[in-house]
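Colleague: Submitted below is the structure of interest, expressed as structure tokens.
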Amino acid sequence: MVEAAAEVPPGTFPNFVAEGTLLVRRGEHDKALPCFTNALLLRPGDKQCLVARSKCYLKLGDTENSLKDAEASLQNDKTFSKGLYQKAETLYTMGDFEFALVFYHRGYRLRPELQKFRLGIQKCQEAIVNCIGSPSSVKLENNEDICFLSRQAESRKAQQKLQIKLTKDQKRMSKQEHVRNPQTERQLLGELYADKAFLEKLLKDEDLMKSSTKQGIKVKDLVLGGITYLNTRTEFWQQQKPIYARVRERKLRQQRWIRDKKRKPDEVARYIVKSMEDIEMLLAGGSPEESLKKAEHVLKTIQGWSDKEVPNKNELIGNLHNCMGNAQMEMGHMDAALQSHQTDLELARQNNLPGAISRALDNIGRVYARIGKFQQAIDSWEEKIPMAKSSLEKTWLFHEIGQCYLELSQAEEARSYGQKSLQAADEEGDVEWQLNASVLVAQAQVKLKDYQAAIINFEKALEKAKLIHNDDAQQAIIIALNDVSKSFIKDLKEGERTAASPKDDDYSSENTEETSKRTTEREGSKGSELSIETQSNERQEDEPENDDEEPDDDEEPENDDEGNEQADKESESSEGEKEEPGTGERED
């Protein structure tokens, strides 16, 4: 018991069988063979495992071991249908068509509902007819009495008849063409049919057929050998897969295709989810061409399905157009990308899908911005603003709109949207977008020549860049700060120059006003003096009798002359802007 246990390989019987079955499905029969062998060591004589290993041997061309395993599976149960079919298939592959026919009939009697036994009977009968030439030479009955026939004897007879038939064909080949159906022969030979037609054409060239090669081989023998080989291949392929079998296989493929079209809802959902994941993974992995091909294939497949099979068909088609547009944009095909995203937008509006509308407007804006049509990009993104849900989405949206306005040299709008982006970034607490928004505001303020505010925002952006350790951003901001500082100093110097000249002008104007006021006051005082002088003269005329006061009258004009001389001096001391009307009146 201990020795037997030591010989058992590590593992269990079901595990070995499952692994071998999986490898067979993959077509790796050489790797599956040891799995079934280990399983048989754990459970010797298991008929299912024997049939599985027999299939592996048959696929690998080892017909002898395949037949041994098939017969071993029938050792304890002569009615085991899988064993009967596997033995018949092995015998058919070995060329024992008559004996294989016996086991196909046995299996058909036991399991008449299985189509594979009926097909085996048909292909065996056709193979026998092709090899022997007439069905009358073989008489097989569905009786148990035929079991006593020796398989070796029957195989020998079949091989002898086959050799005789081939020898006669070779002798007849030089005299007459082999009678065949050209259409059938074309289907069986495929691409080799043109080669056979070429060789047959060479046979008609008598001079060529009489010639020989350098080695002394006649060209005619070479041509006949090639034609004989192709005829043999034709017969072999007709035995392996006759025309009726090909027609039936084509019908089965059509039925399978129709069955696949009527998929179950869960199968449809799994297919769609898997396909969308593959499309997104290909795009994210840097393979936009493969992603585009996959999306186009899935789109074509889904368009052939009914609305019952895919309830959200229009939404799914729009999503596929979105994936195609993203892949086309990565490939640089902007016109195609714009068309795909516009199709996505149309489908979203037709089906009233707000989320899809927002997505399409976002992508259309990005395409327009990429190709330099900034106003169209702004129009698309501004339409999307009410649909933005999160603060982070608003931050990005406001920033992109402001950037487009900056490209259009509309600095005021750029600053406004930059401030909105900064506010949304503060609400979200995203440092990176705070950095981007601060830079945008500062750039707009530079355009507006608000250098002091621009310096403040650039310094804030520099702090954010240091916080997230973005060295490239730090260097760019430092360069921008230096440029803005130079512009700010230059602007200050120009402001000082322009500020100095207006003060002198104001001072001179104030002096002019004061001078005019003083002149007016002087004119008023001179007028009052004239009125006093006139009154005094009138009084002198009224009192002529007082001779003693004449000297006083003579003194008053002297005083008046002195007053006039003083007034003249004051008027001459002024800026000379006005004339001296008081003196003129006095002279009159």
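Placement of Cβ uses the backbone N, Cα and C atoms for every residue, glycine included.
What TrEMBL says about a protein is an automatic prediction, not a curated fact.
Reproduced below are the annotations present in TrEMBL:
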type: COILED; residues: 441-468; note: coiled coil
type: COMPBIAS; residues: 495-506; note: compositional bias 'Basic and acidic residues'
type: COMPBIAS; residues: 514-526; note: compositional bias 'Basic and acidic residues'
type: COMPBIAS; residues: 540-565; note: compositional bias 'Acidic residues'
type: COMPBIAS; residues: 566-588; note: compositional bias 'Basic and acidic residues'
type: REGION; residues: 495-588; note: region 'Disordered'
type: REPEAT; residues: 13-46; note: repeat 'TPR'
type: REPEAT; residues: 358-391; note: repeat 'TPR'
Colleague: Over the repeat 'TPR' (358-391), what does the predicted model average in pLDDT?
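Modeller: Per the prediction, mean pLDDT sits at 91 for the repeat 'TPR' (358-391).
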Colleague: Please work out the helix, strand and coil residue numbers for the repeat 'TPR' (13-46) from the DSSP assignment.
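Modeller: When I sort the residues of the repeat 'TPR' (13-46) into the three classes, I find 27 helix, 0 strand, 7 coil.
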Colleague: For the repeat 'TPR' (358-391), DSSP counts of helix, strand and coil?
Modeller: 28 helix, 0 strand, 6 coil
